[in-house]
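Novice: The structure under discussion is supplied below as structure tokens; questions concerning it will follow.
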């Protein structure tokens, strides 16, 4: 906290605060706090009550219950009146570098920084201030680099997942050990990273398209200008995800083909694209598109619902003096919610991968989605739709850990204040 106050008030960058800098910091900070207090005090009676807190948070896209609003109020309210006057507000936040409500809400913002290899999450929410100061592109860049490092670190497990999704069956039981042995024998250690290049390359265009589409869909869907309700935000996020997936889907197909390729099959990405185009035509680049788009709703919906439930549980049972849950709780909530989302949409992801790989697997029939589901259910039963789930879950914790650590380093490198 002390470091944050010093960095906020240190004008001459000598890593210390003299009296004039400190008093200037207090004056400026108090001014910002006063503006926030006035914006919260909707009825201009000089006091903030529960209704005003809930309304202000709802305007920022964070719906909270009456109980949670009471908890927030109690943590600031000194005289027990269940309202907060200017003095109480100032005393509480004067030595906290958070200057506005957005920063206080940001603790619990469900960030997509945790890259677990799937791209179906709802995009990050940026405040107007972040958009005008250009902080948004720094955050997106930091997230993209974190995703690239995380995907590269967990690429062998990702390749194993795709390998099992396509080749494993009741007759051909591929375990983790036998699968890795097979890969190493066929192509050596480097073969474990097949398909990783294009998997990393698609992060940047997908992030950019998703972000731009999300902003446009929010404007289109919001019932009141400048205010976006939770369900509108979810719809806008899902549509933005679908738009981004549609635009970069040929890269998804190429990623599957490159991941499953045998030694010498393709000399590189362009050779792969050329051969697919020549042998199967343009439509091959959109194989498995329907199950992929259908997977967005269960993934994003369950991810969001589980995250909100875990957040509310923590706030109800463990939030004593602060709404800041700390890194471990946030990472835990994000990991569990993403994993639940994956679990729900996994059968659709498996069907998508098999459809993308169809022509590259010798002797496989070119089946549409519904017939492929029937075939898998008939031959392998319900759990046939969950082939490869073990390596998929095994990569979640390392992927989350790597992406978080790299993201934090990138934030400090790009000068983004925490």
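Just so you know, glycine gets a Cβ as well, placed from its N, Cα and C.
The domain 'EF-hand' annotation in TrEMBL covers 28-63, 64-99. Per TrEMBL, repeat 'Solcar' is recorded for 134-220, 228-313, 325-413.
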Novice: Summarise the domain 'EF-hand' (28-63) by DSSP state, stating how many residues are helix, strand and coil.
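Specialist: Within the domain 'EF-hand' (28-63) the tally stands at 23 helix, 2 strand, 11 coil.
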Novice: I'd like to know the mean pLDDT over the domain 'EF-hand' (28-63).
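Specialist: Its mean pLDDT is 77.
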Novice: Mind tallying the domain 'EF-hand' (64-99) by DSSP state, helix then strand then coil?
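Specialist: Final tally across the stretch: 19 helix, 2 strand, 15 coil.
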